Each structure stands twice: as structure tokens, then as C-alpha cells.
Amino acid sequence: MSAADHLMTVHLVSMGCARNDVDSEELAARMEAGGFRLVDDPAEAETVVVNTCGFIEQAKKDSVDTLLAAADLKGNGITTSVVAVGCMAERYGRELAESLPEADAVLGFDDYGDIAGRLRTILDGGSLETHVPRDRRTLLPISPVDRPTARAEVSVPGHGTAPDLSASVTPDSGPRATRRRLGTGPSAPLKMASGCDRRCAFCAIPRFRGSYLSRPIAEIVEEARWLVDHGVKEVFLVSENSSSYGKDLGDLRLLEKLLVNLDQVDGLEWIRVSYLQPAELRPGLIDTILATDKVVPYFDLSFQHASGPLLRRMRRFGDAESFLNIIDSIRSRCPEAGLRSNFITGFPGETDADVAVLADFLQRARLDVAGVFAYSDEEGTEAAGLDGHVDEDVVTARREDLADLTDELVSQRAEDRIGTRGRVMVEEIDEAVIGRAEHQGPEVDGCVTLVDAAAVSVGDIVDVEFVGSDGVDLVARPANA
């Protein structure tokens with residue numbers, strides 16, 4: 001049976017972070033350009049493609065469960081194949097294929113450019129060579145400034161160009177991008193860079209995502225225009241480390257210039273920057289974020305802990321006082337700015353005193369959102385081989401205590417906003433009008449319920465007064481109501 005005899009339907013499941021969502025939209029564009037039709041119901045798809053997450057243990061378990069659930073559809077008379085792509089597939093490759101025979105193929109990032117061809121081979125009954133993992137840091141030059149010229153030889157998801165795509169996916173004229181929107185909301189992630197040059201002891205991401213590689217400003221701006229043409233009002237700039245943007249393009253302050261260029265995109269209302277490294281958060285970048293009209297005052301800061309000695313053990317920089325100085329610097333200029341971060345507890349060598357330092361920092365920092373994660377060993381990381389591993393039950397107890405503390409603190413921070421004014425982007429109108437304020441990132445930072453807001457549409461930005469809170473979520477009414 002040839003591919004011409006097939007339905008050529010595919011269902012794509014995107015797991016994990018916003019960076020993976022961008023990769024999924026690239027895959028969707030390439031599959032559609034290759035003759036496949038995307039369907040919302042997996043039971044109607046001949047092929048189910050799962051864009052997996054390989055970051056932490058729970059994410060890997062969720063990815064495996066999703067692949068197994070997709071494989072269960074094979075008896076429905078329509079679904080014939082299940083394909084694993086994404087970070088878990090890239091990271092484990094053959095090992096994943098051997099442990100999960102229910103998947104018909106495990107493909108790596110190098111397969112993305114011809115993903116449609118790979119799927120046609122599977123439909124025709126052919127077999128594909130299972131991806132063999134390699135350290136992707138070795139694919140680009142060690143020197144960052146030498147990487148742009150080598151970029152064309154390496155497959156980097158989210159860095160694709162569009163000349164090979166049909167007009168049904170991206171137009172012959174106007175802004176072009178190698179992506180097909182899978183959502184309809186007014187906000188969309190926009191990848192500004194990939195990979196990471198840091199060597200955090202707990203993190204395996206650089207091994208399978210590779211060395212840091214920035215996208216040129218013109219390419220990002222073009223994609224932003226394309227997103228606006230497809231209904232987007234807010235772009236959420238994503239990468240593994242946004243504050244390093246431009247290091248490989250010869251300009252360590254290129255992020256400031258990118259924000260100014262994006263500010264000129266007609267129809268774009270909000271620009272949001274994610275995942276900033278505190279050690280690289282320079283005063284000029286803070287100034288640009290706070291002074292550029294469309295850039296929302298939002299700081300996603302990767303603290304990870306607050307104990308200086310433990311951060312050194314993590315191969316990171318900073319301590320509670322230096323982090324508080326950053327926060328004070330931001331809030332002295334913009335008291336309403338949103339600040340969020342994530343923290344790891346239970347890292348090898350963490351003591352009760354370290355936990356006390358972190359708890360004290362959280363109380364003094366008054367973050368809008370704080371996530372607390374229990375440390376777990378990741379294969380191939382320095383931390384997995386360290387001494388001083390903390391007993392699992394102790395790690396669990398520490399995480400629960402810190403999570404309870406952060407829940408209380410972020411609720412208090414939300415209460416502090418009652419009586420103040422802000423702006424809210426409307427995202428959903430159903431039984432209630434739901435949106436997000438400038439200090440709230442997509443999906444993870446809570447929402448705002450708008451009351452007395454009858455004449456609004458999705459994508460509208462409304463001046464509001466905050467009148468109530470429920471945990472991290474807020475209630476607001478139009479300021480002129």
C-alpha cells in the first residue's frame with residue numbers, strides 16, 4: 001500500500017514547555033506541507049506523533065504514558081502508527097525504542113527537516129533507523145562567534161526558514177515562518193535562541209539541546225509579524241537562557257535591540273521575555289524592559305536556590321543578598337512589576353541551614369509566582385555523581401514545606417495588588433471573562449477574572465482595577481466601570 005492509499009491524517013501531541021510548543025508548530029507546518037492533514041481527535045489519525053519532554057522524571061513518565069495511550073488506538077481500525085519525537089526521543093533514542101516497542105519510530109531533531117517523508121515511509125510499511133543520541137554540544141564550534149556560519153549544517157528545532165513550504169502553510173508574500181499555529185489564543189511563544197552553554201550540575205538539557213545559538217533579529221521580527229497576521233497580540237520570547245541572546249552574534253546587548261525592534265511591529269501589543277539568568281541580568285536590560293512601550297514589566301528569573309554555597313555546588317552564581325538587590329532594583333523603578341522563579345530543594349549537600357536561607361529569601365522576595373521542585377538525579381549530570389545525597393523522604397518533606405510557604409506568600413502578593421490598577425489581556429469568554437495581567441505569564445502564573453466587562457472580545461487589552469484575589473488569581477473590573 002502506498003501513501004496515496006492512506007488517509008494521511010496525523011494527530012500531534014505537544015508536551016512540556018513553550019519551547020517544545022514552538023517545535024510542534026514547526027513539525028505541524030512541515031507535515032502539512034508534505035501532504036498530511038492534521039486532526040484534533042487522535043482516534044481519527046492514522047499516525048499519532050508525540051513531541052515528548054525529557055526534562056525531569058515526571059515529565060518523562062508523562063511522555064511514556066502518552067505514547068502508550070496513543071498505541072492503544074491501533075486497534076480502532078484507523079490508527080496504524082505512533083511516532084516519538086522531541087526531547088525524550090532525542091535524549092534516549094535507541095534506549096527508548098527498545099523499552100517501548102509500542103512506538104513505531106523514535107526520531108531525533110535531525111529528522112525534523114523531512115518529517116513528512118519519515119511518516120510516509122512508516123505508512124508504506126518501511127522501517128526507519130532509530131535515532132542514536134549524541135552530545136549535541138559537539139555539533140557547533142566551541143567559540144560562540146563561530147556558530148552562525150556553522151548553523152546551516154545543524155538541525156536546530158525552531159530555527160527553520162520557510163522557502164520550502166507551500167502557500168497553504170505560509171504565503172508567497174508577506175511574513176513567512178516555518179510553523180502552523182496549533183492554538184487560537186492571542187498569545188504565542190516565539191523562540192529567540194536554542195541550547196545553553198552553562199554547565200549547571202543538575203541539568204542535562206545542553207547535552208540534547210546543544211550549544212547556545214541565537215536567531216538573527218530580522219528572522220525573529222519576521223516571525224513576529226507572521227504571528228500577528230495569524231491573530232497573535234502577545235509574543236512570549238522563549239529560550240533556554242534569554243539573557244545570553246546575541247553572545248554568538250557578537251553583541252552581548254542584542255536582546256535590548258531585539259526588544260526595540262519588536263516594539264515596532266504593527267499589531268503586536270505585548271512582548272514578554274522568559275528565563276533570564278540573574279548572573280547576566282544587566283542594568284541596561286532591566287531599563288529596556290521597563291522603558292519599552294510594548295514590553296511588559298515581567299521578570300522570569302532563574303534563581304534555583306538562595307544559599308550561596310549550595311548555588312556554587314550547583315555550578316551557579318549568586319546568593320540571597322545579590323538576588324534581593326536585583327529584585328529591589330526592579331521594584332524601585334516599577335513597583336507593580338511581575339517577578340517569578342523556580343527553586344530546587346534536596347540538591348546533594350543541601351542542609352537544614354540552606355533550606356532556612358531559602359525560606360527567608362522567599363519571605364523577603366515577595367515573588368508573584370514561585371515553583372518548588374524536588375531534586376532528582378538526571379543521567380549524565382555532574383550532580384548525579386555528587387556525594388551528600390539527601391534522603392528521598394527528607395526531600396519530599398522539604399518540598400512540601402516550601403511549597404506551602406510559597407502558596408501563602410504568592411497569595412499575599414496577589415492581595416497586595418487589590419486596589420491597584422493594571423492592564424489585562426482577554427483570553428477567554430465563556431461563562432466568565434478570563435484574562436491575564438501584565439505580571440502574569442501564559443498558563444503558569446495565574447489569571448484574572450473580569451467582572452462587569454460585557455463589551456470585550458478575546459485579545460482586547462482592558463485597563464482594570466483589581467478588586468479581589470483567590471490564591472495567585474485576581475478579580476478585576478474595568479477601570480471605567
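Every residue number used here counts from 1 along the chain in the order it is shown.
Including glycine, each Cβ sits where the backbone N, Cα and C put it.
Under the heading [4Fe-4S] cluster 1 binding site, Swiss-Prot lists CYS17, CYS53, CYS87. Its own atom aside, the Cβ of CYS87 ([4Fe-4S] cluster 1 binding site) has 27 Cβ atoms within 10 angstroms in the protein chains shown.
Using a 10 Å Cβ-Cβ cutoff, CYS196 ([4Fe-4S] cluster 2 binding site) registers 23 neighbours. Annotation source Swiss-Prot lists [4Fe-4S] cluster 2 binding site at CYS196, CYS200, CYS203.
Here Swiss-Prot flags 8-124 as domain 'MTTase N-terminal'.
For 182-413, the entry in Swiss-Prot reads domain 'Radical SAM core'.
Taken from Swiss-Prot, the feature domain 'TRAM' covers 415-480, and the record attributes it to sequence analysis. Summarising model confidence by region, the domain 'TRAM' (415-480) averages a pLDDT of 95.
Residues annotated as region 'Disordered' in Swiss-Prot: 148-188.
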In whole Å, how far is CYS87 ([4Fe-4S] cluster 1 binding site) from CYS203 ([4Fe-4S] cluster 2 binding site) when you measure between their Cα atoms?
13
Inside 10 Å of the Cβ of CYS200 ([4Fe-4S] cluster 2 binding site), count up the other Cβ atoms and send me the figure.
19
If you skip the near sequence neighbours and keep only those at least six away, which residues in the chain come within under 8 angstroms of CYS17 ([4Fe-4S] cluster 1 binding site), Cβ to Cβ?
CYS53, PHE55, VAL238
Write down the Cα-Cα distance for CYS87 ([4Fe-4S] cluster 1 binding site) and CYS196 ([4Fe-4S] cluster 2 binding site), rounded and given in Å.
14
Integer Å distance between the CA atoms belonging to CYS200 ([4Fe-4S] cluster 2 binding site) and CYS87 ([4Fe-4S] cluster 1 binding site):
18
